[in-house]
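In what follows, a structure is listed as structure tokens, so that the remarks can point back to it.
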Amino acid sequence: MSSHGPACPMTAHRSDGLRGVADVPGDKSISHRALILGALSVGETVVTGLLEGQDVLDTATAMRAFGADVTRGEDGVWRVHGVGVGGFAEPGGVIDCGNSGTGVRLIMGAMATCPIVATFTGDASLNKRPMARVTDPLALFGARAVGRSGGRLPMTIVGAVEPVPVRYEVPVPSAQVKSAVLLAGLNAPGETVVIEHEATRDHTERMLAGFGARIVTEETPEGRVITLTGQPELRPERIEVPRDPSSAAFPVCAALIVPGSDVLVPNIGLNPTRAGLFYTLQEMGADLVFENLREEGGEPVADLRARYSPDMTGIAVPPGRAASMIDEYPVLSVVAAFAQGPTEMRGVKELRVKESDRIAAMADGLRAAGVTVEDGPDWWIVHGLGGDVPGGATVATRLDHRIAMSFLVMGLASARPMTVDDGGPIATSFPVFGPLMAGLGARIDG
Ligand code: S3P
């Protein structure tokens, strides 16, 4: 969906201790992949716990446009009848991926080795984001892309009629790029090889293996080498989507900074490619405990228990950890404002090309709320005030859900309220954010 209607301002007020259980929704990354791989398999894939955020709903609509049958039962279970690898039909209209970089980039990959043409667009945020990072490797398979200048959407991809497999070194740490190449490789004969120098989230690799593809990952001195054998018949799967650690980050961080809080966030996946924020918070001295640590579906899972942590101190976040917490820097910077001393975040250039320029968006809002921030092209430093954050600002969320939620978390603990000019984008990833936070005792209106 290209727009979400009129702007919806929201204000967060200083709250008493947050308490209770926060059942966050399904993982966004895994939800997109479940629908896309379901659409590429033969037979019925059944998905429970799918995130019903707008980004994922847009991917469901796109899969229908490419010929898959995607339905939601009254019990909330989703069923996908796929068309098989290489079986995508040519869509009759433009594919609108709304706000979702993951949606558009993965779908471009999946269709690029089919003999069809598709045109993609998105909202004002997505139409500014770089697509050459995906269309460059897709060209190696034989696909062609024509978009706006600078490689922006709207863009038409002419799929390769006789695709060839590729060997591609991903030049930026991006799971979206890696996944687009792997999905394109599905319909190329022979072996497609992707090399990444920094490990990014590996949900596509895990799920491809689950659907029966032959895919091997090796850790080598040149990096992670992923080899996919093309043209498999993917068999349908039953997928239980785990809960989203990136959504869990918001109630967890709110509990750490609101005095008197004690919040349990159950069933959160601690896949090492996703869990960097939680280790960072622990290093800052957060009272954050992994309870009931266990394995589910081959992944570490825990119930996160977060309590008010008045004695946190800033740290230098290791740059090598960036990929495993890339979506969590905005809310980390809010916690950093309440900690003692500086928190340094380096090696984070990718933050500048997310749903918004997240360094600029957070730095502007933090400064307006009385926090000192320094920033450069690929780094920023937040100077923590040790608890006394003035707040009292209205912040532009720039069509970015995580900017909106981060400043609302801040307003629960700052001296004066924090307002975001538009909370509408929250529905892209965490549609129940408002009621869930209210259930813990958060005072958020709008
Ligand atoms: C995602 C990968 C990340 C992340 C995004 C989801 C994915 O983007 O920021 O929210 O599901 O593959 P990049 O691959 O561009 O780093």
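Cβ coordinates come from backbone N, Cα and C, glycine included.
Taken straight from TrEMBL:
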- 17-433: domain 'Enolpyruvate transferase' (DOMAIN)
- K28, S29, R33, S174, Q176, D327, K354: 3-phosphoshikimate binding site (BINDING)
- K28, G101, R129, Q176, R358, R402: phosphoenolpyruvate binding site (BINDING)
- D327: active site, proton acceptor (ACT_SITE)
- Task: State the Cα to Cα distance, in Å, between R129 (phosphoenolpyruvate binding site) and S29 (3-phosphoshikimate binding site), rounded to an integer.
- Result: 18
- Looking at the binding-site residues R33, R129, which one has the fewest other Cβ atoms within 10 Å of its own Cβ? R129
- Query: What binding-site residues among S29, Q176, D327, R358 have a C-beta sitting less than 6 Å from any atom of ligand 1?
  - Reply: S29, Q176, D327
- Task: Would you mind ranking the binding-site residues K28, K354, R358, R402 by how many other Cβ atoms sit within 10 Å of each Cβ and giving me the lowest?
- Result: K354
- Message: Same chain only, sequence gap of 6 or more: which residues have a CB within under 8 Å of the CB of S29 (3-phosphoshikimate binding site)?
- Response: T102, A175, R201, H203, D244
- Message: Between the Cα atoms of S174 (3-phosphoshikimate binding site) and R358 (phosphoenolpyruvate binding site), what distance do you get, rounded to the nearest Å?
- Response: 16
- In this structure, which of the binding-site residues S174, Q176 has the fewest other Cβ atoms within 10 Å of its Cβ? S174
- Message: Just to be sure I understand: of K28, R33, Q176, which binding-site residues have a C-alpha no more than 10 angstroms from the C-alpha of R358 (phosphoenolpyruvate binding site)?
- Response: none
- Comparing the Cα of R402 (phosphoenolpyruvate binding site) with the Cα atoms of the binding-site residues K28, R33, D327, K354, the shortest distance belongs to D327
- Task: Provide, as an integer number of angstrom, the distance between the C-alpha atoms of R33 (3-phosphoshikimate binding site) and G101 (phosphoenolpyruvate binding site).
- Result: 13
- Please give the average pLDDT for the domain 'Enolpyruvate transferase' (17-433) in this predicted model. 97
- Within 10 Å of the Cβ of G101 (phosphoenolpyruvate binding site), how many other Cβ atoms are there? 21
- Message: Just to be sure I understand the packing, how many Cβ atoms besides its own are within 10 Å of the Cβ of D327 (3-phosphoshikimate binding site)?
- Response: 23
